[in-house]
Every structure is written in structure tokens, then in C-alpha cells.
């Protein structure tokens, strides 16, 4: 009963029940084996119920509990002594092995740098043992003959305590005839004189030996060439003869070793920095121009450094002359060399003039460098030539009549003011409307207009201000409108348009979306106008020259090889619509149609897209040159007619006119107005149109050669060229071109196989084959194939292993939680025990103190 009180309630019950409950023999688990197999572990152990559970708990205590206790702890002591955990070794064998290993470790350290004494080591042919004797003394700083040895006098004087100074020398007597000792100062002077004399002698000997050595070397060099081959041994001569020459690779490697390394280049500037610097430069030039217009002359005092190349030897370098006169000493007096000073002064003046001349030339070069490409056209303008002529006249007047500096300055100011007025401004504001742009460009030649547009873009770059982007986007639309106006003038200013196109390209690269929208608007407006005319009249006129130029600009600004593009695709559709719906009524219409054909070829030359409207129009143009149209083996499609007044536009009125014809390109201005005064000029123009059509036809025949339906496309053209076109009346150039076209077409009219599907085996009909499913006794279905059964088996195994892993993880978690709880309860019990002990000791002390107090009170 007393023991039971010490335990807890649960332990008390378990202890009591263990006395009364006995093991049931039917609960004993026995696994019988016929025989034991080495290396195989049994799944279940033999024993009472609960034995396996206790073993699992013990196993967790040995593994999981130890890991938990050593978690986050690094202070482990690992015994790495030899044979410590080897149970097969005896203790004496362990001690002997450890002792031998320790001796071997120390012996290896001692013998690391030991050399074999039997071999004799040499250095440069001398034995190391003899060199270690140190027979040759180390050279001292002094060049004395006895190196490393101090004289007795010097030793005595410095280290002998002055004993030498107290000695008396013979032959030195005082006035009374008695010998006297030399003073310390005299002895030191004698030592100094003696040392200087010895040093001088050594220096002379050294110089003499050096002279003799040099002379001997020179004599040896004079006869070395004669004795080289005679005295050289045969082995050396054979080595020299057999020495291989350097390979090209070796020579290249040596050359690469002497090449200069790459120097770091300057930092690349961002587009924003370039735009900012360009604007600042233009603002500075504009301020200088305005200052020159007002007559203010600002001299630039800063010297511009001329460019120096890397090969410059700086031969013309002149030092600044010294203003102080040279002094000379003559007949015991100081004499000032006035002539020398004058000469030097003259040289300085000449040097100053030379330097000033160089500075002026450098300044001119600097100004030339500052002027960029946008000023080249200004120098070539008429105003620049007038300025040059005025300057030449001024120089002639200067040569004839010497003028004062004030007069020259006034004339220069006037000339500068006039030149500044004729110059273009360097800064421009972005135009807000088309009228502003027109006023900005009107009255200027084409070169100046390009300069104005370039400077406007530089001064209003999008990175310089917030609203500049919108201004330049508007400028693209204004330029398109201005190009259309230039094309509609009579005569059209095509050269100005050609020079403005680069500005349009630059704006298109900056703002592609705005440029595409502006060009789309232009195309849509023209297409709507053509549709309205077609609805009203049933036919429409060919596009004017401005629209043709817009189509050409579209091909230059935007890609034509895309499968679908928001600008070039509508443009190509517009060209096709014009070639189909616009009838040919005059030679101007023929010219416009041929221009559209050239544009269509340019659009499809890279993508090789088939354009039937182009082939149809070229066939119709050649049909206009056929004389007899009664029986033709081809059909003509609108906008051309088989017969009629307009069907003979390209028929020659006089066949002899072809003899005086020379091939020329058709002018773009002929799309608007065509002035042909004589029949000869008309025939020449007809021949030029036929030549242009045949050139386009040759290009198309080579472009569409790879098409499968090539023969069907060019069959009408082949018939027209070979049977109906009067090629004999045409010049020799057109006859040669005619033969080339027929050769190209006939060479491509080869029989090609028709497109058929690839041969494949016929797909058999689906049969109603029963599906066999294996059904086991317990009603569970299995897969029909082996792969399905293997997959099902693996899934079953995976689920089983997964459940087992989860079960083990839960048991491990419960075990760790139980151990943590036991630790917490143990700490709490220990704390309660200590608190109880403290309270007990305090109560004992309190009782003793009260008893002591009672004793004191009883005594009193």
C-alpha cells in the first residue's frame, strides 16, 4: 500500500492488474518456418501481443528520439582514433599500430626536404657543397681592393677609443725640439686625404681597365667573323645548319604579341543626348547670326586646338621666348647682350605672328568643323557666291589703298550684317497648320527647304519637350499635303519631292502609327472618290500624279512583303481597282496605267504575289498595238475593248518612224498633259510605251515562272506576241526584247504534273468486335491489356505504400508529441519540487526565528 501511494493512479491500476491477468495461450503469435534463409528478414516476430509495438517504440527511441535530441546542436565529439570501433583488433595491436602511424607522420615531416647525400648537386656547373663554403666574400659598398677588410688605422680611429690619436709620430717636433702628438683634427684630415687618394687611384685603374676591355672587344669583333666557322665545333655548325626556320604560325603569333591593344572608345550617346546637343548647337548659331545682323562683333579669345595626328613629331614646336635679356661676364664685369635680346625679341615677334596665323587657320578649321551637312547647300547657294565675290573685292581694295583699322571694322560689320540677313535661321518652330508650313517653305529652293525641315525636327525633337511629339506627328500630315500640292502644279516639282522624301522617311521611323494613319486616310479618301464616280458614271478616270506619287511613297516608307499590312495591302488593292475599272481613252491614260503597273511590280517583286489585273492590263496595252483585230486567238477583258476607236492608240501611223527611234523612259508629267506636235513624235512615244510594256512583261514572266498554272496565264500573251504583234516594223532593240520574252515563256512552258493527294492505304471499315473484359470471382474488373493491368497494379502498390507512409508519419508525430509532453511534465514536476523545498526551508527558518524571539522575550 505504501508503494502504491508513491505511484500515480494509472500506474497503480496497471501494477495491480499485472498480478491477476495471465497470458492467454491463444493470443501467442507464432510464425513457423520450414527453414531459415540468409539475408531475409521476417515480417512478423514471434511473441506475445504488444511485443511488436514495444519493439517499434524502442526503435523510434534509438533513431527518431536521438535525432530530436541532437537537433540544432553542433557540439558533437567524434572519436577518430584508429581502430576504436573495430572489435576484431586487440588493444595491444591497436596501441602498436597507432604508435607506428605517429612515428611515420613525424618522420615524413622531417624527411620532406632531405636530399640524397650520394648524388652531387650542381648549380651552373659548380658543386653546391663548394659553394656553401662561402670562399668568395660579399662585395662591400666600397670599391677597395681588399673588400670586406678594414684597415688598422681606420679601425683604431673609429673603434679604438682614440688610442691612435694619442700616439706620437717620429720626425714631428715642436719648437723646443721635443716630439709632440698630433691633434685629432690633423689626424682626421690626414685620414681623409689618404682615403681620397686611394679612391682616386682605384678609379683610374678601373677606367684604364675599362678602356682596355672595350678595345679588346672591338678587336675581337673585327676578327670574330673570320674565326666563327673555323673555330666552331662540328656539332654546333650542324645545329646551326639544321635549325628549323620559323613557321608562318609562329611568326603570326609573335606579330600578334607586338600588336597594339584596343583603346577604349568614347561613350555612345543616347538619342536624347544627341538631340539636346544638336538643339544647343543650333541655338548658339542662331544667336551668333542675330548678333551679326545687329552689327555686334564678338571676338573669340579661346584658342582652338588644331588636330594633331598620331605620327606628328611636333617639329614646329616653339617655346615661349624669355623676356629677360641674357647676361655675359667679360673683363671682370657683367655685360648685357643687347643684340641677343633684340634677336630673341624679333624671333618672338615672328613666332607670335606665326602662332596667330596658326590660330586663325585653326579657327577657320574649327568653324569648318562646326558647320555640318545642313550648311553645305548654303555655301553653294548664290548668296554665298556673292559673299565670296564681295570679300575678293574688299581684299583687292585693301591691296590698292591702305585703310585704317576702324574703316576695316566698319566694312566687316556691314558685310557680316548683310551675310547674316541672307542666311537661313538656325531655329524654327513646329508649324501648327498647313498654312504655317507653306509659309515656312515657300520662296526657298529645294535644298533650303530640306535644311528648314531638318532643323525644325532637331529643334522640336520629342525628347526635348512634352508637346513636340504631337507637333511632329502633325508635321508628317502637312508634308504629305505639301507633296500633293507640288505634284499638282504645272509643271510638277518632282525634284523638290525627291528631296523631301528622306524627311518623310525620318518622321515615319519616329512615329510609324501616326504615319500609317495619315497614309491610310489619303488612300481611303481617293478610293471613296473613285467609288462615287463609278456609281454615277459607271467609269472613272485614272489617278492623278499626286496619287501616283503617294503610292510610290507608300512603297518606300512601308514594307511590301508582309502577308497583310494596314497600308500596303489597301494600296495594292487600290492599284488593282484602278487597273480594272479605269478605261484607256488616250495616251495619257496609257502612261498612267503603265505607271500603275510599275508600282504593282514593285509591290509584288519580293513577295511574288500573283496579280491578275497586272497581266490583263499588259495584254490590253499590247492589244492596242495590233493592227488586224479581226481574228485573234485571245480575248480582251475590260477596261479594254476588242474593237473601236480607242483600240488603235499604239498603232504606228508610219512604220518608217521606227528607224529614228531611241529608247527613252516615259516622263511622269505625261500622265497629266502630253504635247505631241508631229506624227513622228507620236509614233516615237507609242514605241516607248510598247517598250515599257514589254520590259514589264519580261519581269513578270521571270517572276511567275514557278507557278503551276504558268502556261494558262501567259498563253494569250504568247499568241499575241508570236502571231499578231507587228514586230518586224519595230526597231532592233524591241525585236531583241521580243525574242527574250518568248524564250523565257517557252522555256518555262514545261509539262508539270497535276497536284494530287498523297497515296495512302485505304482505311478499313470499322467492325463490331466484342470487347473482352476479365472479371474475377469477387466481381472486380481488370484491364483488358497487359499495360492496363500493370498500371492498375502500380496504382494499387502506390496507394498501399502511401497509406503505410502516412501511418508511420502519424505514429512518429504522436511519439514526438508524447516525448515533448513528458519533457514539459518533467520540467513542471521538477519546478514544483524545488518550490516545495524552498517553501519548506522558509517555514523552518521562520519557526527557528520565532523560537529565538520567544527565548529573547523570556529572558527579558
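Cβ coordinates are placed from backbone N, Cα and C, and glycine is handled just like the others.
Just so you know, TrEMBL annotations are computer predictions that nobody has curated.
Segment annotation: TrEMBL labels region 'Disordered' over residues 194-213 (candidates 114-133, 194-213, 214-233).
Of the given residue ranges 37-87, 139-189, TrEMBL assigns the label region 'Disordered' to 139-189. Helix, strand and coil counts from DSSP across the region 'Disordered' (258-279) read 10 helix, 0 strand, 12 coil. DSSP states for the region 'Disordered' (194-213), grouped as helix (H, G, I), strand (E, B) and coil, give 20 helix, 0 strand, 0 coil.
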